[in-house]
Amino acid sequence: MEKDQLKVRVLETGVMEADMAWLLLKPGRIIADRNNKERQREWGEIPTHAVLIEHPEGRILWDTGVPRDWSSRWQESGMDNYFPVKTESSSESGFLDSSLAQVGLEPADIDLLILSHLHLDHAGNARLFDNGKTKIVANRKELEGVQEIMGSHLGGHLKADFEGLKIDAIEGDTEIVPGVSVIDTPGHTWGTMSLQVDLPDDGTKIFTSDAVYLRDSFGPPAIGAAVVWNNLLWLESVEKLRRIQERTNAEMIFGHESEQTSQIRWAHQGHYQ
């Protein structure tokens, strides 16, 4: 494959705010909501992103970010109080549809949508791709896990985001197309996956999704978070990613690291290849 045939663009998909204890546990801390954020020392920004891959075999999108109507959609679960989206992201910029438009695309132009997992800030725009053209996939364990949800939501899973969508299952560490693979990294949820892209010029990139929230989460040592379904599996997944990173010298792009946003080459700035 010629090096100019594989391009990766990182798309802005909304910035949430929250008590950072959700993402990095520290002794003696409680978790605040937005009505009490002034009492906390670490109320911060939680950026989200999607990854657009231009490949000879088609256009691939990794994750979808937060929806424009987050306030109403998240209200029943209470997540609107704990993870409010920044006001600036309620404008025309900063959401998936506008980020796609910046590069001249719309949802129907995507051939394959890969959902790292089905939480509200990753699958929140999945219905944009219910268009008869885009194939949607997620990990089999994730698809089986959400079948256990009683009621409309469980933690960060909102059934309204994905219920009724045709989502095909993939399993384990899987090469999607040459140079693009998903890594099975459960723990955060039943079937959380990470994305590995091997680029001729810019090297290997690993997009961890929520398998690793932050640089401090990665360590070493790895530091846990409040939103983890299975702590042992989570730790095993972090160490699995560390082994891959050491073997490939990959750049790690973490799921919600605000300090990394200035280092990422966003789609409006260019692409990786």
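Cβ from N, Cα, C; glycine included.
According to Swiss-Prot, the feature Zn(2+) 1 binding site maps to H117, H119, H188, D210, an assignment based on similarity to another entry. Here Swiss-Prot flags D121, H122, D210, H256 as Zn(2+) 2 binding site.
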Original post:
DSSP on D121 (Zn(2+) 2 binding site), three-state: which is it?
Top reply: coil
**OP:** Among H117, H119, H188, D210, these being the binding-site residues, pick the one whose CA is nearest to that of H256 (Zn(2+) 2 binding site).
**Re:** D210
**OP:** Would you mind checking how many other C-beta atoms are within 10 angstroms of the C-beta on H188 (Zn(2+) 1 binding site)?
**Re:** 27
Original post:
Which has the fewest other Cβ atoms within 10 Å: H119, H122, the binding-site residues listed?
Top reply: H119
**OP:** Between D210 (Zn(2+) 1 binding site) and H122 (Zn(2+) 2 binding site), find the distance joining the two CA atoms and give it rounded to the nearest Å.
**Re:** 9
Original post:
D121 (Zn(2+) 2 binding site) to H188 (Zn(2+) 1 binding site): how many Å between their Cα atoms?
Top reply: 13
Original post:
Where H188 (Zn(2+) 1 binding site) and H122 (Zn(2+) 2 binding site) are concerned, what is their Cα separation in Å, rounded?
Top reply: 13
